[in-house]
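Colleague: Below are the structure tokens for one structure; questions will follow.
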């Protein structure tokens, strides 16, 4: 996942930044490179340490959905195509994924999607206006399954409060993971977080909503009997 988080000692002194992603840039295919060259001027957003004018960016006022870490972008493009009444922004640190997403969006005729290739924490802090998001999506983040790496997980108390600032009142933070231990970690962090309310009728997970497409990876997991956990928490104050 494309994020960094500050680490402080017990006295509150800054120590270092912890990265929650491993940079696996890989090589761009010719198609991805072509998509970046041709479509970035239309759908790409360059990082700048100032708030975006979201109405100007999309040329209209509409609910904004932000996804962190969209991978190759197939699901994000499908969601944007299926919800033309909403504006979508995707953040992904790996340029091959950004190129793939742009190409897929063009093929699908999607015009309500913009992408940013930068660290998500910095984008949230500097570019996303407070109270501007209808939904923030975090699907299948790196689980960092070894105990000594749990501190690298993106869903941490400070980060979910950063997200809360960016959500409108009534806006939702939607998470999904295929690691049960990480799902339990998410539930623990979110249940303790100020200003959020779990939308689950059972106080834990929600069924996969229709708007979140099944990924190929997820379909394979279902066939093998693997679980997937969705959590949706609403900002209430």
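Cβ atoms here come from the backbone N, Cα and C positions, even for glycine.
So Swiss-Prot says this about it:
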ACT_SITE  142  active site
BINDING   67, 92, 119, 142  S-adenosyl-L-methionine binding site
BINDING   146, 178, 215, 216, 217, 218  substrate binding site
Colleague: Across all protein chains in the structure, which of the binding-site residues 67, 178 has the highest Cβ count within 10 Å?
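Modeller: Compared across 67, 178, the most Cβ atoms within 10 Å surround 67.
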Colleague: Which state, by DSSP, holds residue 67 (S-adenosyl-L-methionine binding site): helix, strand or coil?
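Modeller: Note: residue 67 (S-adenosyl-L-methionine binding site) is in a strand by DSSP.
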Colleague: Please work out the number of neighbouring Cβ atoms within 10 Å of the Cβ of residue 92 (S-adenosyl-L-methionine binding site), leaving out its own Cβ.
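Modeller: The answer is 27.
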Colleague: Quick one: Cα separation, residue 178 (substrate binding site) versus residue 67 (S-adenosyl-L-methionine binding site), in Å?
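Modeller: Cα of residue 178 (substrate binding site) to Cα of residue 67 (S-adenosyl-L-methionine binding site) measures 17 Å after rounding.
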Colleague: So, three-state DSSP: helix, strand or coil for residue 216 (substrate binding site)?
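Modeller: The residue in question, residue 216 (substrate binding site), is helix (DSSP, three-state).
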Colleague: Take the C-alpha atoms of residue 119 (S-adenosyl-L-methionine binding site) and residue 142 (active site) and report the distance between them in angstrom, rounded.
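Modeller: Between the Cα atoms of residue 119 (S-adenosyl-L-methionine binding site) and residue 142 (active site), the distance comes to 15 Å.
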Colleague: Looking only at Cβ atoms, how many others are within 10 Å of the one on residue 216 (substrate binding site)?
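Modeller: Summing over all protein chains shown, residue 216 (substrate binding site) has 10 other Cβ atoms within 10 Å.
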Colleague: Indicate the candidate from 119, 142, 146, 215, 218 with the smallest number of other Cβ atoms within 10 Å of its Cβ, considering only these recorded positions.
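Modeller: Output over recorded positions 119, 142, 146, 215, 218: least Cβ neighbours within 10 Å is 146.
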Colleague: Taking the Cβ of residue 217 (substrate binding site) as the centre, count every other Cβ atom within 10 Å, in any protein chain shown.
Modeller: 12
